[in-house]
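What TrEMBL records for this protein:
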{"type": "DOMAIN", "residues": "222-424", "note": "domain 'GMPS ATP-PPase'"}
{"type": "BINDING", "residues": "250, 251, 252, 253, 254, 255, 256", "note": "ATP binding site"}
C-alpha cells in the first residue's frame, strides 16, 4: 500500500464483532416518533443492548438476528395511502414483537387492517385498566406481570384499533381506547396504545423489562465494564500491532473519554492533538494537558495557535464567519501537526504509519443519520471535524458510536477520568468567539472567559 507523508490512504476499516453480535439485542424499528430513541435508552438502562433502525429496514440485509423487535410510535395513519409499513419478513423472524402506539396499529394492520381514524386525538395521561386471563390464555398477561390492575399511562395518538384482529385478545383498555393493550393467543406478539418509554408512564420501564427480559429472554449483560473490555479488544484487532491513530481532543467529555479508551487499547501509538485557538475557557488548555498527560498518561500534543486565530478573527463581527474561520483554521493547523507526527512516526521501530483518525461520534448522531422521516428528523447533528478524515486519507475509528451521552460519562468514570471532567458543562467548538458580540479582541476574550468561569462556579456551588 502506497504511503503519503506517513499517512496511509483511506479505506473502509473492517469492524470486527459489533455489539449486536456480542450482546443479546432488541431491535427497535423507528416509524418517526419523537420518543423512539427513548425506547432504546430505556432498554440500555435495563442493561439490555438495543439498536434502532428505520422501519423500512429490509431484514434480509441484517447479518444478525435480534432477540425481539419493538415497533415504535409514529405521526402517521396506517390506513392512509403512503403510510410506512414494516418489512413483512419481521413477522417470520420467530421472535417476540411489541408494537407501541403506531406500532400497535401496524401490528393490527398486518393481521387484518382493523384500524380506524380516531374521532378525537388522545394526548396526555390516561387510566389504564389491565384485563387478566386465566387457564390456557394466562400467558398473554406476561407484559403486565407484577403490575397492579390499574396504572397511569401516557397517550399520544390519533388512530386507534377499531376491532380486535383474529387471534388476539384484549389485555388492557382505557375510557377512549377499548383495545389499549392486545396480545396474540399463540405467538409472542403484543401491542400497547400508550408510551411506556416516557417518564409520564410511571411504571413503563417495568413493562419494557417484562417484554425484553422475561418474554424475549434477553440477557442483562450490557454494561460499560463489559463494553470497555470488548471495545479495547476490538480496537487492538482493528489497529493491529503497529498501527497508529491520531485524534483531536477539546477537553469535552466525548473526546476525553475516546482518547482515554484509545490509550487503554494501544498506549502511545495513539497521538492526541489539542489546538488552543485562543477562545477556549479560562485555563482550559493547561487543565486538559495536566489531566490527560499526567493524570491519564495520554500522548498529547498541545499547539498554542491563539495569536494565529485572533489575528484572523480581527475585524470579523458575523458569527457564521467566525465559525468558518475557526473551523477552517483548526483543520489547517491539525493537518500541519499531523504531518509532523506522521513524519516522526515513520522512524519508529515498534510502530507503523498513522492509519486511523479517532472521532467521538455518539449514538444520537448515528440515530439521526438513519432515523425514518418524522419529528425526530428535525433534530440537528453537528460534526466537529467535518471531512477531515477523508481529506487526510485516514480510516475513521469511532469507539463511542454505539453509546448515549450518559453511557459515555459512565465509561469515563470507569476509566478513571476525574469526575469534574466527566461532568463538565458543554462548550461550543468556536468557543468564546461566538459569545462575543462584534469583533473578537484579546480584552473581550478575557472578559468573557472570566464571566464564564464565574457562571460555572456559581452553578457548581448551587449543586
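Quick reminder: no glycine exception, Cβ is built from N, Cα and C everywhere.
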Other same-chain residues whose Cβ falls within 8 Å of the Cβ centroid of 250, 251, 252, 253, 254, 255, 256, the recorded ATP site, in sequence order: 249, 257, 258, 360
Listed binding-site residues (250, 256), ranked by Cβ neighbours within 10 Å, top entry: 256
Cβ neighbours within the same chain of residue 252 (ATP binding site) - under 8 Å, at least six residues apart: 360, 424, 426, 427
Neighbourhood of residue 253 (ATP binding site), C-beta criterion under 8 angstroms, separation at least six: 405, 408, 409, 412, 421, 422, 423, 424
Binding-site residues (251, 255), the one with most neighbouring Cβ atoms at 10 Å: 255
All-chain count of other Cβ atoms within 10 Å of residue 254 (ATP binding site): 21
Mean predicted confidence [pLDDT] for the domain 'GMPS ATP-PPase' (222-424): 87
